[in-house]
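These notes concern the structure reproduced below.
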Amino acid sequence: MPPSISAFQAAYIGIEVLIALVSVPGNVLVIWAVKVNQALRDATFCFIVSLAVADVAVGALVIPLAILINIGPETYFHTCLMVACPVLILTQSSILALLAIAVDRYLRVKIPLRYKAVVTPRRAAVAIAGCWILSLVVGLTPMFGWNNLREVQRAWAANGSVGEPVIKCEFEKVISMEYMVYFNFFVWVLPPLLLMVLIYLEVFYLIRRQLSKKASASSGDPHKYYGKELKIAKSLALILFLFALSWLPLHILNCVTLFCPSCQKPSILVYTAIFLTHGNSAMNPIVYAFRIHKFRVTFLKIWNDHFRCRPAPAGDGDEDLPEEKPND
């Protein structure tokens, strides 16, 4: 270990590595499950795959870059900016994937009979591509000029230096807090989160109303359908809650930095907020395993088929996976 790394930094790196070691395999397992189980091929699970891809990238790319920034190497301004932007792209992709999931669940309970005609695989693919393109635009905005280059250049010139500034690479040194608060948080994080809360409230209202009507009419299949929708909606709302719980503290700290520059932010608070944002990428597979039956069964099948030391018992083949049913 290089002598320049303090004990505190070593602890930080250790926690980040642990998060990555949970996040990457867990989300790869989610993608694998959707690939092997035909019952996990509807639009919702395609959006979940998009979310899992972003979470894999957090563990495989963002966390190593965060460790690099924490060590604080000296580099050119735009090189540091390129290191800082991936987390913005992936965060935005996660938010838009969660929004797409919420809209998809709303359509499933609002227009159940027309759902498959409206939400086609092609449209779902277009929506996913649109989410990623928009995420790239939002996340790369600092590369287009909304950054701290002018301030850094002034300090660089004041020291009599010429050429592109060489700085100690830190997130707040290159990313403008005006961008993070006014554009990223107030436009692309907070409004989508509030919209998703409203959508899930409407979803729960529609499901409760349908369950009440169907129960009173003693209907079988519709009651079962909306019961399943309620269970899945609760699980996905939990994913949304965990995302908000993980990301809002860091955005609130950014607001403090912008609106109260003289306010001191305890290092432990900042690092806790960072750990929450990265740790969120490891939470989703755990929620899927405990809350969504199709995922749990498929995870067990993958484990039995590929990782157990002894052969899986007969009958653990594809026939044991949950079968896809209309509107299931």
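Even glycines carry a Cβ here, placed using N, Cα and C.
Swiss-Prot has this to say about the protein:
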type	residues	note
DISULFID	Cys80-Cys169	disulfide bond
CARBOHYD	Asn159	N-linked glycosylation site
LIPID	Cys309	S-palmitoyl cysteine
TOPO_DOM	1-10	topological domain 'Extracellular'
TOPO_DOM	34-46	topological domain 'Cytoplasmic'
TOPO_DOM	70-80	topological domain 'Extracellular'
TOPO_DOM	103-123	topological domain 'Cytoplasmic'
TOPO_DOM	147-176	topological domain 'Extracellular'
TOPO_DOM	202-235	topological domain 'Cytoplasmic'
TOPO_DOM	260-267	topological domain 'Extracellular'
TOPO_DOM	293-328	topological domain 'Cytoplasmic'
TRANSMEM	11-33	transmembrane segment
TRANSMEM	47-69	transmembrane segment
TRANSMEM	81-102	transmembrane segment
TRANSMEM	124-146	transmembrane segment
TRANSMEM	177-201	transmembrane segment
TRANSMEM	236-259	transmembrane segment
TRANSMEM	268-292	transmembrane segment
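In the structure as shown, the Cβ atom of Cys80 (disulfide bond) sits within 10 Å of 26 other Cβ atoms.
Each of 47-69, 81-102, 177-201, 236-259, 268-292 was scored by its Cβ pairs under 8 Å to the transmembrane segment (11-33), and the highest score goes to 47-69. DSSP labels the residues of the topological domain 'Extracellular' (147-176) in these numbers: 14 helix, 5 strand, 11 coil. Sorting the recorded positions Asn159, Cys169 by the number of other Cβ atoms within 10 Å puts Cys169 first. Counted with DSSP, the topological domain 'Extracellular' (70-80) comes out as 6 helix, 3 strand, 2 coil. Beyond the ends of the transmembrane segment (81-102), by six or more residues, the same chain brings 44, 47-48, 50-51, 54-55, 57-58, 61-62, 65-66, 68-69, 75, 127-128, 131-132, 134-136, 138-140, 142-143, 147, 169, 171, 174-175, 184, 188-189, 192-193, 195-196, 199-200, 203, 236, 239-240, 243, 247, 277 to within a C-beta distance below 8 angstroms of the stretch. Sequence-distant contacts of the topological domain 'Extracellular' (147-176) (same chain, at least 6 residues past either end, Cβ-Cβ under 8 Å): 68-69, 72-81, 83-84, 88, 257. The residues of the topological domain 'Extracellular' (260-267), classed with DSSP into helix (H, G, I), strand (E, B) and coil, number 1 helix, 0 strand, 7 coil. Counting same-chain residues at least six beyond the ends of the topological domain 'Extracellular' (260-267), those with a Cβ under 8 angstroms from any Cβ of the stretch are 253.
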